[in-house]
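Contents: one structure, followed by commentary.
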């Protein structure tokens, strides 16, 4: 009887394991169990994608409104702005007269803003809760300089002086504040002049898309940078837009009802993702319990432990992916509902959460394609090649970092693409992919023959090493894994302890002695009630 109990226990465990590793089609054929979890995932894909598209269109309106206002501000407050930034700064001036005219032009434009602006703009309060401009200048404390005699006497400590000009002062005679001693600049000591002011605006274009409008606060700063003292003052314009809840909105029409429909749709998405999250978490928990049963049985019967590879077979990575995606979708949907209700304004965080969750949802579709042999090759090749590719990238990354630092130090002063470390890394990555090669060679300045010769040696060696050697080895690693998987699919994969256990009876005689119906009956009679939940629904 004890031997029969042991065989029944083993057969029940084998049946549970077989059912756990079945795909939805096999489960339907085995027990007529409808793949309702698969249907839930398909519904979630459609709803999450629809939600993302709607939010993406709304987010585009927000970003476009900010960018268009920034361009408008540059044309309004920068004297002689051509419409195209010279570099990372808007434009530059070269004479003292141009500096004074640019400063006074920005101040006058701010004063007459309501009469000249085409936008829905108004004056806003600054950090001091005052309406007006704040002009600050930073300079060395004291000093004297005589370039003709090559003499310099200066205090390296800096000081910052600020002047607040309100609308009342601007309404008076302009000569009163223009002749102020504050605007008498000593350019040999001057480091920078900064003009800051706040403006308010309302985005009305959202009304055409049946959405509630947003209220904005624009924190604008005009900076005259003279730190280099090279005879060229760079003028920067920075506009930082913040969305705030409008204090009083009174809009007639169907906009409010449309917003309610969107909120209901977002709530339904949260419910679907919450159900998917609960089901996937339940499956992982039950899989861990089934693994514990298998480990205990294997240790009891064969007196040895199961290998790590077989233990990891019970952890379904796709379920982990779905759980992460569901969590991000739920959090992003809550943020989206708060944004629609005008309680929050963090569009960027919401777009990152919803965009990443949608990416993971669509990546999860590969799981179902993997049930077909032709598509499963891709997944198996990625799994087999990933460890080797990571080790290879770690080694190649050391060489890549070496070239990055070398190019930044040597070529940085002579080439725009090598000015910053991140720019150098992006430039080298483009070269690896064969992009923009000639322009990188041609843009190097020939002011130093030694640096020019070094740049040729540097670029030729990097391109040859990474394209002809490292990139080829990288592809060879993946190709080798692909060939191995194809060979396994033709000749069969090596059997592990788990796969050996999942095989049917070891001999035909044993199979003939025990009928399948009898075994099924015995399994149902002898299984403990506490073990019913261990039959997994994958």
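The backbone N, Cα and C atoms fix where each Cβ goes, and this holds for glycine too.
Of the listed segments 205-227, 228-250, 389-411, 412-434, TrEMBL assigns transmembrane segment to 389-411.
Range annotated as transmembrane segment by TrEMBL, chosen from 347-369, 485-507, 508-530: 347-369.
The feature transmembrane segment, as given by TrEMBL for the ranges 300-317, 318-335, sits at 318-335.
Long-range neighbours of the transmembrane segment (457-478) within the same chain, counting only residues 6 or more positions beyond its ends whose Cβ lies under 8 Å from a Cβ of the stretch, are 381, 385, 388-389, 392-393, 396, 399-400, 403, 406-407, 410-411, 428, 431-432, 434, 437, 440-441. Counting same-chain residues at least six beyond the ends of the transmembrane segment (389-411), those with a Cβ under 8 angstroms from any Cβ of the stretch are 418, 420-421, 424-425, 427-428, 444, 451, 454-455, 458, 462, 465-466, 470, 473-474, 477-478. Helix, strand and coil residue tallies for the domain 'Polycystin cation channel PKD1/PKD2' (350-485), in that order: 119 helix, 0 strand, 17 coil [DSSP].
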